[in-house]
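Shown next, in structure tokens, is the structure this report addresses.
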Amino acid sequence: MVHGITPGAAATPGPPLLVIAGAGTGKTKTLAHRVAHLLLNGADPRRVLLLTFTRRAAQTMIRRVERITAAAREGTPGSAAGIDWAGTFHAVANRLLRLHAPRIGLAEDFTLLDRSDSADLMDVVRDELRLARTDRRFPRKGTCLAIYSYAVNARAALPAVLEKQFPWCAEWADELKGLFRAYVAEKQRQNLLDYDDLLLCWELMMRVPGLAEEVGARFDHVLVDEYQDTNLLQASILAGLKPGGRGLTVVGDDAQSIYAFRAASVRNILDFPERFSPPAAIVRLHANYRSTQPLLDAANAMIALAAEGFEKELQAARGGGARPLLVAVREEAEQVDWVIGRLLANREAGMRLKDQAVLMRASSHSAALELELVRRNVPYVKFGGLRFLEAAHIKDVLGFLRWAENPRDRIAAFRTLQLLPGIGPGHARRLVEALEPTRRGLAGLAGLRPPQAAADLWPAFAELLAALAASREWAGQIERVRRFYDPLLPELHENPRPRLQDLDQLETLATRFATRERFLTELALDPPETTGEEAGVPLKDEDWLTLSTIHSAKGQEWKAVFVLNIVDGCIPSDMATGTPAEIEEERRLLYVAMTRARDELCLMQPERFFVGRQARLGDRFVRATRTRFLPDSLLPLFERRVAGAIPVGERAGAASGPPVDLAAQLRGMWD
Ligand SMILES: Nc1ncnc2c1ncn2[C@@H]1O[C@H](COP(=O)(O)OP(=O)(O)OP(=O)(O)O)[C@@H](O)[C@H]1O
């Protein structure tokens, strides 16, 4: 890419631009270069807004921009350090809302609810409205939240959402409306915003005359990556920021749209050019710089069977390469063996574990593999699994901090109170209700009477919370909570040892933030993704393997990619076979997975799955069939393998992988 360094001209916001292109064609790279180009031409980095799908992607993008600008300026580093408006829509919303809170009637010190807190609050409200006690089964809290969230993000009316997305809940339209009204009122009463509120409030802010212009005028350039996975609310925010589209660039691939289940709309990217007058310019990229042609041939042929035709036929810029492997294994255990054998063989041949990834449709599909990796001491990190913050013990500790931060936060109050012996939901509710009239905030706890079983711990508990609420000094607060909480842990949760390690990790994480508010906000916005409980967190310089759900693998690439469970029921997931649209989204997911590989792609196909032990009949298996997305007509594009009962090392060698260096392995035992 060329940078004409003529300060001024190219930094002026130009007409809207859409870069639409297939996987691996360099969209992200193009975006980084565009930002660098703007900066090199004199654009003010503080007036650039960069919106990405994850925080990780924003950080990577900034590093890339820094590298490019430094190289162009012949080594003057840090030239992009001034970009501080980079992050997810939610993170940017959080920041803008706090800046403008008084103008839109929000308290500046609102706290954020993460998804599971939102579900808990929904549950409390559902209970208060007695909806849980109806004769027919009312939807569960998670479903209620999903319906609410979908309606908000798709900007759709409830009846339409129910009819299209949640038909089995359609009979509850009136009750759900009442529930959502009460849920919103409750959030406002407690000064809480959930994820959806962040986008919703930002969008509402962009409808306020005067304020919309003020916010829009902060930025000369707005650039959005992964535009195919934005929803209507996000599109409307962008339109509010840049009504004429000047300075707006969006980048994406309609064939990789995989978030419709969260109300993302592929129409956003398809309709983008026509939103503006004159329409946005379109740039299409054709060459794929990531993968070899045989891998692209398989991915192209697979996606070409989609109901809606995608015109992009990816052409490899690189030469050579072998066909992807389609490996039939008898069952999961054999799949695990084969994958580990192959990836270790690759490592012996010089391909680092870091250059390899195992992808799966559902996080749980890797359970057996994870156990075996731990047993064999193969370090790995997992993305898209149980989130660190969803672990009960982490939520417990955060509960103290959140309650201290916002004494009106009832969810945090309920959770924290119920950690004490003898306090269940009923007592917790009574205590919270008794606290309010004292008007002393958390200092009022000391004067309350807990049930007998909690009496011993109560004074220390009350003192801790009052002190946390009153304290301006953030350092040491988690340590204080832990002095109280750690002794309770073995009573509260089984297997306390790894949990204590997680809490150590939380404490370390906390030191990176200047205040409690920043810490809580950042964690709620972008939680670390894995507890690494069994894996252990790899050392920085160590080599490790990546395990990831396909959703979390988007935008990334590895030299070798293994995809587990290429069978119907796993992909398409049996949770998602309801509508043709869902099936199409599953097909695009497989496309995303296949196009992550640079050199080597192994699709694993177990022939049967173990479904549980039966006392009399012995082990029980169900047969599985190859995913419908790879019909027989596509088989010539793959090299087929059948794993037999051959020892792992031999099998990996025989599978045309690089030979295993046994001697090196034996030596390695003593390194
Ligand atoms: N012009 C180019 N010359 C050489 N390599 C390139 C070029 N453009 C991109 N690449 C390389 O190709 C790979 C894919 O690029 P990038 O991640 O930007 O693609 P993408 O279109 O965002 O992919 P996806 O949508 O599949 O995530 C990267 O390794 C990148 O460094």
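Heads up, the Cβ atoms here are built off N, Cα and C, so glycines get one too.
Unlike curated records, TrEMBL annotations are generated automatically.
Copied over from TrEMBL:
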DOMAIN    1-292  domain 'UvrD-like helicase ATP-binding'
BINDING   Ala21, Gly22, Ala23, Gly24, Thr25, Gly26, Lys27, Thr28  ATP binding site
DOMAIN    293-555  domain 'UvrD-like helicase C-terminal'
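Close to the recorded ATP site, the chain also has Asp253, Leu285, Asn288, Tyr289, Arg290: residues not among Ala21, Gly22, Ala23, Gly24, Thr25, Gly26, Lys27, Thr28 whose Cβ is within 8 Å of the site's Cβ mean position. Of the listed binding-site residues, namely Thr25, Thr28, the sparsest Cβ surroundings within 10 Å are found at Thr28. Note: Lys27 (ATP binding site) has non-local neighbours Val19, Ala21, Asp225, Val251, Gly252, Asp253, Leu285, i.e. same-chain residues 6+ apart with C-beta under 8 A of its own C-beta. Listed binding-site residues: Gly22, Gly24, Gly26. The one with the lowest count of other Cβ atoms within 10 Å of its Cβ is Gly26. Among the binding-site residues listed (Gly22, Gly26, Lys27, Thr28), Gly26, Lys27, Thr28 have a CB atom closer than 6 Å to some atom of ligand 1, in sequence order.
Secondary structure at Ala21 (ATP binding site), taken from DSSP and collapsed to helix, strand or coil, is strand. Look at the Cβ of each of the binding-site residues Ala21, Ala23 and count the other Cβ atoms within 10 Å; the largest number goes with Ala23. On the 0 to 100 pLDDT scale, the domain 'UvrD-like helicase C-terminal' (293-555) averages 84 in the predicted structure.
In the three-state DSSP assignment, the secondary structure recorded for Gly26 (ATP binding site) is coil.
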